[in-house]
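TrEMBL annotations:
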type	residues	note
DOMAIN	3-453	domain 'Peptidase S8/S53'
ACT_SITE	Asp11	active site, charge relay system
ACT_SITE	His76	active site, charge relay system
ACT_SITE	Ser402	active site, charge relay system
DOMAIN	511-608	domain 'Subtilisin-like protease fibronectin type-III'
Amino acid sequence: MESNIIVGLLDTGITPESESFADNGFGPPPAKWKGSCGHFANFSGCNNKLIGAKYFKLDGNEDPSDILSPIDVDGHGTHTSSTLAGNLVPGANLFGLAKGTARGAVPSARVAAYKVCWASSGCSDMDILAGFEAAINDGVDVISISIGGLSADYVTDSLAVGAFHAMRKGIITVASAGNDGPRMATVANNAPWIFTVAASGINRQFRSNVVLGSGKTVSGVGVNILDPKQKLYPLVRGDAVAKNSESTDSARYCFQESMDPHKVKGKLVLCKLGMWGVESVVKGFGGIGAIIASEEYVDTAQIFMAPATAVNTTISDTIGEYINTTRSPSAVIYKSQEVKIPAPFIASFSSRGPNPGSNHLLKPDIAAPGIDILASYTPMRSLTGLKGDTIHSKFTLMSGTSMSCPHVAGVAAYVKSFRPNWSPAAIKSAIMTTATPMSSRVNNEGEFAYGAGQVNPTKAVSPGLIYDMDEMSYIQFLCHEGYPGSSIATLAGSKSINCSSLLPGVGSDALNYPAMQLSLTDHETTTGVFSRIVTNVGPSQSVYNATIRAPKGVEIIVKPMSLHFSRASQKRSFKVVVKAKATTSMQIMSGSLIWRSSRHIVRSPIVVYSP
């Protein structure tokens, strides 16, 4: 069924021929659409589903591995677009894995693709800003951008600037949190007007059994689509196939220049993980494949072009011991299978807080599925993109906060379809306060890993209360954060902004955010006062009572403890006082405030931490 919601994606382009973007059952684009779709190289054109496509290459850098067209030669943009708004496609799978009906978060939405990222030259600030400008002028309702911002500066980062201008026009920007986890303080796209999405895992994993010549079976993670042609193959360590004694150390990692092709031929090689793709090197030398030993936790399924799998250090030590104690060691890697695992959990790669841009603002905002997501792919790139890989597929698995971002953008579009007049802040509030809480016992970094929790699409359309903000709210926040008026004026496109002449933002964070964060001062008791205003978007006659969940050593007081509403859109204010003393080492303490009525639960995380 068609809808009038238009989602704009700033990415690597799109594959218009994909079934995910066919326009069966769609009428003409909505009247509000101001965009266009021209004739481009290798691009078959738009339709009533894919209603817009443009590309931007303004930095002057040629990219010989790409095409000056909205066509997606990388696959990333096609994948994110179909995750957000792809049609229902029965029988989607990757060589039998993850088989089912593919479906975007909002299959009824129209799609506009803005190619701002290029195969070799990446995503320039100029192209990103041009993409934002086009999407805003074209009339999209939601912008999804699966690009990690490089700067924590709210007034100069290109994505933050573009998202600010989108917000002014009532368009919410949803962005990926970045893939630099589990290191702390790596979260990207952390401005308060951006909806920042972490990646969580779903209840499946793709694993391959490795059977050793001794009969012992171990298991690794990854996508191996190839059945073995014989029962066992000779098995060697990487250092055993080194060219010479000088290259032994690098041969452990199966680097191309360090291995002797004659020693590799016909064998499986146990390699330490230095970089992905070593199975292609082994195959290129006539080898069978690779068992890749990772010292870091592997929770995503890398796709391999030759028989391969990734194992942890415990399993690699077991395999190494077997090789060392066996005269003619051998093994075989079987085709991958899907196994069920507990979920949700936060991906190891998902960037963590605390927010490097402000110690007053919790980031990421929310979590959504981002591990081993099946979605549409480009025919212009092999599955791995590695030299010698000739395997293609209409659908593929990808992992990253790039994949979680369009899930939440789809939920934002879904909410927008029910509440077309809501501001970006209201939509964000609805999604955050109805999220399913996640456990700090599973994810040690707590809210710095998952924000408000796991997105819950069906609850987001009826949040009961919302925390709303407008452009001036963010300007007051920037003044509170110490940004000079001249820089804020440049961001806002104003002639001048004098922070001293504005009403100051209220409370410790100067925001009406649906989450609260307090950074503690060394050796002192720190008190944070958070002033909030909520708007009733539920039943006219409603009473909400507060439930406080304070972690040990933290005092949380809410005044008043009850909020009474007599009409729709009525506003009520309250204060939250948080008091705690710093600990000797960095500690994350998770609390929450829940406003509960007879019909709604409105939850806000409260995070207290010692930097």
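We number each residue from 1, going along the chain as drawn.
Backbone N, Cα and C atoms are what each Cβ position is placed from, and that goes for glycine too.
Bear in mind that TrEMBL entries carry predicted annotations, made automatically and left uncurated.
On the structure: features taken from TrEMBL.
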residue	record	DSSP (3 states)
Asp11	active site, charge relay system	strand
His76	active site, charge relay system	helix
Ser402	active site, charge relay system	helix
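Its Cβ taken as reference, Asp11 (active site, charge relay system) is surrounded by 28 other Cβ atoms within 10 Å in the chains shown. Within the domain 'Subtilisin-like protease fibronectin type-III' (511-608), the DSSP-based counts of helix, strand and coil residues read 0 helix, 62 strand, 36 coil. Neighbours of His76 (active site, charge relay system), defined as other CB atoms within 10 A of its CB across all chains, total 23. Annotation for Ser402 (active site, charge relay system): spatial neighbours His76, His79, Thr80, Ser146, Ile147, Ser176, Asn179, Gly370, criterion Cβ-Cβ under 8 Å with sequence separation of six or more. When averaged over the domain 'Peptidase S8/S53' (3-453), pLDDT in the model lands at 96.
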